[in-house]
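This report refers to the structure that appears directly beneath it.
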Amino acid sequence: MVNEQIIDISGPLKGEIEVPGDKSMTHRAIMLASLAEGVSTIYKPLLGEDCRRTMDIFRLLGVEIKEDDEKLVVTSPGYQSFNTPHQVLYTGNSGTTTRLLAGLLSGLGIESVLSGDVSIGKRPMDRVLRPLKLMDANIEGIEDNYTPLIIKPSVIKGINYQMEVASAQVKSAILFASLFSKEPTIIKELDVSRNHTETMFKHFNIPIEAEGLSINTTPEAIRYIKPADFHVPGDISSAAFFIVAALITPGSDVTIHNVGINPTRSGIIDIVEKMGGNIQLFNQTTGAEPTASIRIQYTPMLQPITIEGELVPKAIDELPVIALLCTQAVGTSTIKDAEELKVKETNRIDTTADMLNLLGFELQPTNDGLIIYPSEFKTNATVDSLTDHRIGMMLAVASLLSSEPVKIKQFDAVNVSFPGFLPKLKLLENEG
């Protein structure tokens with residue numbers, strides 16, 4: 001990774017932008033389009049490094065995926081005609097690719113090996129392996145917990161599973177495996193987690209029932225799959241950096257168009273509203289994956305907040321930049337119930353606190369979250385993304401609170417989810 005990026009951006013931020021397509025939905029659209037025999041077109045996909053790993057794996061399985069002017073054209077022979085890969089399936093830095101394909105390839109019964117980069121090699125896989133083994137998947141990891149994951153053919157059975165954590169990746173791994181079982185699967189969630197797999201199964205004609213915290217699948221549901229075109233909304237996790245940047249930078253007025261506001265993902269909007277932030281939604285669309293334009297204006301005197309319970313999974317990927325936002329509130333804020341942050345690209349509880357504390361902010365990590373005190377940017381230490389894309393972008397937003405440039409090591413980690421992040425931030429500076 002490039003060693004160092006100097007961030008020298010000052011406010012106010014003004015203008016109108018779009019953010020890249022939603023990462024979660026792009027992954028799932030590629031997977032489902034690849035399973036369905038025929039041609040599917042995916043419009044405005046995210047073509048960051050994570051989603052490219054998913055594309056490359058399906059190309060090895062025999063799917064043709066063409067990139068053409070902000071769209072992907074996926075031409076698939078259908079899941080029954082997939083090749084057996086003769087090389088390791090490399091998932092890079094992508095936890096979504098690794099965990100969802102663990103379920104999908106187990107269901108398909110394709111002999112394969114999934115392995116990622118050094119960061120993925122440290123991330124626990126037992127939470128996925130346990131339910132898959134209950135489904136009779138023949139899948140093994142190092143110490144039953146780490147990549148590489150070795151998958152061999154087996155006959156998947158349906159299960160009745162009580163989720164141990166509120167994790168969309170674990171839920172989705174089970175759902176993808178269940179497509180191939182002769183029995184129904186019932187999943188009971190602890191809290192509502194992002195439901196893109198469920199909404200997109202329906203979009204590709206796969207029957208699934210979800211009510212409250214219960215999800216029921218249909219036996220051998222894969223036989224119903226049909227190719228479909230899909231328009232990917234802008235990623236609210238990417239929009240979050242601009243939402244916070246506008247809220248904390250005096251004089252700012254930013255509008256972000258075509259952002260996905262699925263209610264299982266829109267926790268940051270709820271949090272900003274509770275803090276008294278100046279945020280407005282308009283141009284709203286309805287449907288399985290609703291969208292809106294979001295206007296954000298600088299807001300002094302933000303109110304402190306406690307983020308806990310069902311709000312946490314709705315904002316899990318945004319919590320590092322939300323923690324930065326909370327430093328600008330008029331009182332102490334708390335994030336609880338966020339143990340899931342420990343198993344992201346880094347332990348985001350620790351990395352968020354460590355990097356922001358280096359810059360003079362005051363955050364105290366806890367076992368399941370953070371205590372965040374009203375505090376200011378005080379010192380121009382060199383900070384480090386630690387190869388975590390969301391930490392890198394959060395630190396770039398923090399630099400707006402400094403009058404001096406800020407150096408961030410390993411900044412090109414942001415390309416995982418947001419190629420072109422820095423030029424877009426500079427565009428708003430120039431318009432301001």
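Don't overthink the numbers, they just go from 1 along the chain as shown.
Just so you know, glycine gets a Cβ as well, placed from its N, Cα and C.
Listed in Swiss-Prot for this protein:
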type: BINDING; residues: Lys23, Ser24, Arg28, Ser167, Gln169, Asp317, Lys344; note: 3-phosphoshikimate binding site
type: BINDING; residues: Lys23, Gly95, Arg123, Gln169, Arg348, Arg390; note: phosphoenolpyruvate binding site
type: ACT_SITE; residues: Asp317; note: active site, proton acceptor
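Features as recorded by Swiss-Prot, highlighted on the structure.
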residue: Lys23; record: 3-phosphoshikimate binding site; Cβ within 10 Å: 24
residue: Ser24; record: 3-phosphoshikimate binding site; Cβ within 10 Å: 27
residue: Arg28; record: 3-phosphoshikimate binding site; Cβ within 10 Å: 25
residue: Gly95; record: phosphoenolpyruvate binding site; Cβ within 10 Å: 20
residue: Arg123; record: phosphoenolpyruvate binding site; Cβ within 10 Å: 19
residue: Ser167; record: 3-phosphoshikimate binding site; Cβ within 10 Å: 22
residue: Gln169; record: 3-phosphoshikimate binding site; Cβ within 10 Å: 23
residue: Asp317; record: 3-phosphoshikimate binding site; Cβ within 10 Å: 26
residue: Arg348; record: phosphoenolpyruvate binding site; Cβ within 10 Å: 26
residue: Arg390; record: phosphoenolpyruvate binding site; Cβ within 10 Å: 28
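For Arg390 (phosphoenolpyruvate binding site) paired with Asp317 (3-phosphoshikimate binding site), the C-alpha to C-alpha distance reads 8 Å. The local packing around Lys344 (3-phosphoshikimate binding site), expressed as other Cβ atoms within 10 Å of its Cβ over all shown chains, amounts to 20. Here the Cα atom of Arg28 (3-phosphoshikimate binding site) is found 21 Å from that of Arg123 (phosphoenolpyruvate binding site). Cα-Cα distance from Lys344 (3-phosphoshikimate binding site) to Gly95 (phosphoenolpyruvate binding site): 8 Å (rounded to the nearest whole number). Taking the C-alpha positions, the distance from Ser167 (3-phosphoshikimate binding site) to Gly95 (phosphoenolpyruvate binding site) comes to 12 Å. Using CA atoms as reference points, the binding-site residues Lys23, Ser24, Gln169, Asp317 were checked against Gly95 (phosphoenolpyruvate binding site), and the closest is Gln169. Calculated from their C-alpha atoms, the gap between Lys23 (3-phosphoshikimate binding site) and Arg348 (phosphoenolpyruvate binding site) amounts to 19 Å.
In this record, 3-phosphoshikimate is bound by Lys23, Ser24, Arg28, Ser167, Gln169, Asp317, Lys344; the longest C-alpha to C-alpha distance in that set is 19 Å. In this structure, the C-alpha atom of Arg348 (phosphoenolpyruvate binding site) lies 9 angstrom from that of Asp317 (3-phosphoshikimate binding site).
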